[in-house]
Structure formats: structure tokens, C-alpha cells
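What TrEMBL records for this protein:
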TRANSMEM  20-39  transmembrane segment
TRANSMEM  51-70  transmembrane segment
TRANSMEM  177-196  transmembrane segment
TRANSMEM  203-222  transmembrane segment
TRANSMEM  242-267  transmembrane segment
Amino acid sequence: LFDGVYPFYPQQRKAAVFDISTIIVTVVFLTLACSFLLITPGIRGRARLYWTLRVLLSLFVGVVIVVVQFTGDWQSGWVQANTSYKSFSPVQVSADIGLHIGLAGVNVTLRGNPVEQINETINYNEHFPWSFGADYDHSYSQGLQKGLPSPILYVAEKFSSQSPCGVHRQYRIAGHYASAMLWVAFCTWVISNILLSMPALVYGGYMLLATGAFMIFSLLSFSTVRNSPMCLIQIGTSTLHVAYGGSFWLMLAIGLLCFVAGITIVAMHHLNLDLLKTFFDLREDKAEEDQEMPEVFINPHFVSKSL
């Protein structure tokens with residue numbers, strides 16, 4: 001032993017806490033937000049508040065659209081049960097079993113209650129991908145070879161292509177099209193920011209409406225999985241049920257926010273354009289002041305005497 005650890009043998013895998021892609025996207029958008037906050041002292045008057053509100057809300061919408069591509073809680077569920085821990089063993093453990101379904105795959109969590117039982121640390125979080133280009137059945141076979149705990153393999157088997165449940169294809173296609181709709185929504189979000197900064201306010205409002213529409217389309221695409229009856233996931237004497245998770249409801253809220261913002265901009269363009277220009281710091285008096293020439297110098301040698 002070296003400090004109580006076998007130095008030449010692989011250590012037990014630890015449960016994942018954060019997704020690396022989520023961290024990268026969050027850091028990028030936080031960097032943009034912090035960069036803007038550094039220049040806000042240079043904006044005078046009430047326009048500083050308007051600029052801060054617009055930029056932070058826009059960045060929040062953008063980061064949500066990208067981050068939910070990698071989250072695993074579009075559908076989720078937990079259950080506490082007494083279950084067998086390993087195959088061909090009568091030993092049972094008390095554990096919390098979690099199922100987290102995302103656009104690209106499923107995460108199965110097994111956490112002991114307490115974590116230390118039968119001289120082992122029971123804390124697993126295994127990911128099984130089903131996105132295009134990934135082989136779910138191969139990942140499941142690798143789990144069998146590694147000897148993952150029985151509850152994880154039992155739940156993961158429900159989503160395999162060979163399972164009698166038959167939900168693998170539905171989840172895979174629904175997640176693929178939901179992801180595609182979100183990338184289109186991200187593109188329309190970028191275009192809306194460009195139009196609002198040009199400024200072409202009414203067209204920026206239309207693109208915000210398009211952004212919200214594509215976000216709602218992604219939710220409708222993912223919700224088609226409800227059309228496939230889900231197999232009963234019975235663990236011990238308890239049943240694991242799944243429901244829409246945080247990412248689904250967050251996308252719904254952001255989509256409705258884009259709808260409200262787009263409708264407000266379009267309505268203000270037709271009803272009260274001056275107020276809309278004030279919010280976007282485009283007042284006509286400011287533009288006239290910028291175009292006003294305080295003094296004009298004329299060279300008399302180049303001016304005709306008749307004039």
C-alpha cells in the first residue's frame with residue numbers, strides 16, 4: 001500500500017458532478033457578461049440601465065439555448081428502494097436510484113443510503129449515449145463487461161434497442177430533432193442581436209419571435225416521447241417514475257420570454273416608436289445633436305463673389 005492506496009490498480013470510479021461541455025459554455029458566456037459589465041461605467045445616464053438589462057437578458061437566453069443541449073434532465077425521476085447490488089449475490093443495499101434523460105443520452109445514478117455500505121462506496125453516475133454517431137448497445141455491453149451494479153444495468157436495459165419496451169428509437173429521434181431546432185433557435189438569436197444593434201428594431205423583434213418559436217418546436221419534438229408507452233421500471237417494491245425535468249421547464253420559460261420580448265418590440269414599433277427608441281438609446285434629438293455642425297469655416301478664395 002502507498003498511503004493506504006494500491007498504486008498500480010485502477011481506483012473506483014467517482015460520480016460525475018458537472019458536465020465539461022456545460023462548464024465550457026457557461027464560462028464563455030460569463031466572460032462576455034463580465035466584459036460588458038466592465039464597460040458599463042462608460043455609459044451615461046439612464047441608458048446604462050437599459051444597456052445592462054438588454055445585454056444580460058440576451059446573454060442569458062443564449063447560454064440557456066446552448067447549455068440545455070448537454071444537460072441530462074429533460075426528464076428525470078428518483079426512487080428509494082432496497083435492491084440487490086450485484087448479480088448472483090443475495091446481498092441487498094438501501095439506495096437512491098435516479099434516471100436522467102437528455103437529448104443525447106441517459107444517465108443512471110445509484111447512490112447508497114448511506115453511501116458507505118457492505119465495505120464499499122456506492123456512488124455511481126453512468127452515461128449511455130444514443131445520439132447519432134453513438135452506439136447505445138455498445139455502451140450497455142461495456143457496462144456489462146465492467147460489472148456495473150445491477151440496478152444501473154436494469155434501468156439502462158430498458159432503453160436499449162433490443163429491449164421489448166421499444167422506446168430507444170423514439171427517444172433518439174425526438175432528441176435529435178429537438179437539438180436541431182435548438183441550434184436553429186441559436187442562429188435566429190444571433191441574427192436578432194445583429195438586427196437590434198444595426199438598428200433594425202422591428203426585424204429584430206421578428207427574429208426574437210422566430211427564436212421563441214423554434215424553442216417551442218424543440219419542446220414539442222421532445223414531448224413526442226410521451227406517445228410511446230414507457231415500460232414499468234420496478235426496483236424492489238418501488239416503481240421509478242419520470243417527469244419533465246428542469247431543462248424542459250427552463251426552455252419553456254425562455255421561449256415564452258422571447259415571445260413576450262418580440263411581441264413587445266413589434267407592438268411598440270407601431271404604437272410608440274419614440275419610447276422604443278429611448279429604450280434602445282436611439283433618440284432622434286441625440287442623433288440630431290451628433291449630426292449638428294457647430295462651426296463652418298469657408299475659404300473666401302474659393303467662393304464666388306456673386307454668391
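Just so you know, glycine gets a Cβ as well, placed from its N, Cα and C.
Automatic prediction, not curation, is the source of TrEMBL annotations.
Beyond its flanks by at least six residues, the transmembrane segment (177-196) meets 54, 58, 61-62, 65-66, 68-69, 103-104, 131, 203-205, 207-208, 210-211, 214-215, 217-219, 221-222, 280 of its own chain at Cβ-Cβ distances under 8 Å. By the Cβ criterion (under 8 Å, sequence separation of 6 or more), the transmembrane segment (242-267) is not in contact with the transmembrane segment (20-39), since fewer than 3 such pairs are found. Sequence-distant neighbours of the transmembrane segment (20-39) (same chain, 6+ residues past either end, Cβ-Cβ under 8 Å): 52, 55-56, 59, 62-63, 66-67, 69-71.
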